[in-house]
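A.B. asks: Please find one structure pasted underneath; my questions will follow.
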Amino acid sequence: MTLRKIIHIDMDAFYASVEMRDDPSLVLKPIAVGGDPDKRGVIATANYLARKFGVRSAMPSWKAKQLCPDLIILFPDFDKYKRESKAIHEIFHLFTDLIEPLSLDEAFLDVTDVDALRGSATWIAQEIRQLIWKERGLTASAGVAPNKFLAKVASDWHKPNGQFVLTPKEVDAFMVHLPVEKIFGIGHVMAKKLHSLGLMNCGDLQTLDITTLQKLFGSRAWNLYELCRGIDHRFVISDRIRKSLSVESTFLEDLNNLELCYQEIPNLIERLMIRYEKISNQYYKKKPFIKIKFADFTTTTVENTFFKAFDLETYQTLIRIGWERKKAPVRLLGLGMSLSLEEEIQLTLF
């Protein structure tokens, strides 16, 4: 079997970097792109100076201002970011057409069969980053590895404006020391559970056989078994069609009533719409849906099949319907939308 050469390109603080490039007076100031702090907005991204104060993506804007009082919050210009992303993708296409965009600011490239630069994925990634800087005035980080999972992990290793290469021979030794929270799909709550079991890194996970993993993690066991060993069979799919988009929050303390659930909805909607704007040039919104995971880990979902609104009132209604099915403390809330490549025409009743 031919060893694959996968590159993951991740633009550095993309929205903020575009704004600093276009307005150099912002370069030495802490800035973020996001919503109004007075209207329950959230941060889409922050430059690295702001991150030193603890400002992070998906953080409420009011909290970001508390951490960094001098923070300049700019309203996002998604049309500009989409144009910039398109120009960057044109650079990718100079080397390969096997490109899988994940969002406006990151993508996977399969360069396994590319002959340019002597077929070296390392040199190709370096050349792409240099061209992005030369032609667009922006920096990118890159990860080079034998599969998508490892390439994405690698791109974060030397951020910002860095590159990390993981050869097939280095994978086993690298995985032993990789923290479990670096595994795709493991969030804060899952990581906390793993840590409580003494599983701090992938080497610890590798000591568990598949039967033990199944007892602990159910349907996720096989995925964990492979990923903790650096195994990922997924291909780079250039024509991937997305069927839905969602965001969710897992709470360290359960939400004990419906009103507490309602209070979380504006923040989730803001995060969802920021994510949608990144793909709105490709997809139309179809139907809203919600997901609730109760404290006993039972899950319910509700989809709105009649109206195509994606506002606060709609999601409150769906959350209420879902919550009333059990009327119990809530561990996780998720909001989402199904997607379509074609715009649906909604007929009126009269």
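Each residue's number is its place along the chain shown, starting with 1.
Keep in mind that glycine also has a Cβ here, set from the backbone N, Cα and C atoms.
So Swiss-Prot has the following annotated:
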DOMAIN    6-187  domain 'UmuC'
BINDING   Asp10, Asp105  Mg(2+) binding site
SITE      Tyr15  site 'Substrate discrimination'
ACT_SITE  Glu106  active site
A.B. asks: Including all protein chains displayed, how many Cβ atoms other than that of Asp105 (Mg(2+) binding site) lie within 10 Å of its Cβ?
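C.D. replies: Taking all protein chains shown, Asp105 (Mg(2+) binding site) has 23 Cβ neighbours within 10 Å.
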A.B. asks: Between Tyr15 (site 'Substrate discrimination') and Glu106 (active site), how far is it from one CA atom to the other, in Å?
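C.D. replies: With the alpha carbons as reference points, the distance is 12 Å.
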A.B. asks: In sequence order, which same-chain residues at least six apart have a C-beta under 8 angstroms from Glu106 (active site)?
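C.D. replies: The list for Glu106 (active site) reads His8, Ile9, Asp10, Met11, Ser155, given in order along the sequence.
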A.B. asks: According to DSSP, does Asp10 (Mg(2+) binding site) fall in a helix, a strand, or coil?
C.D. replies: strand
A.B. asks: Over the span of the domain 'UmuC' (6-187), how high is the average pLDDT in this prediction?
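C.D. replies: PLDDT averaged over the stretch: 95.
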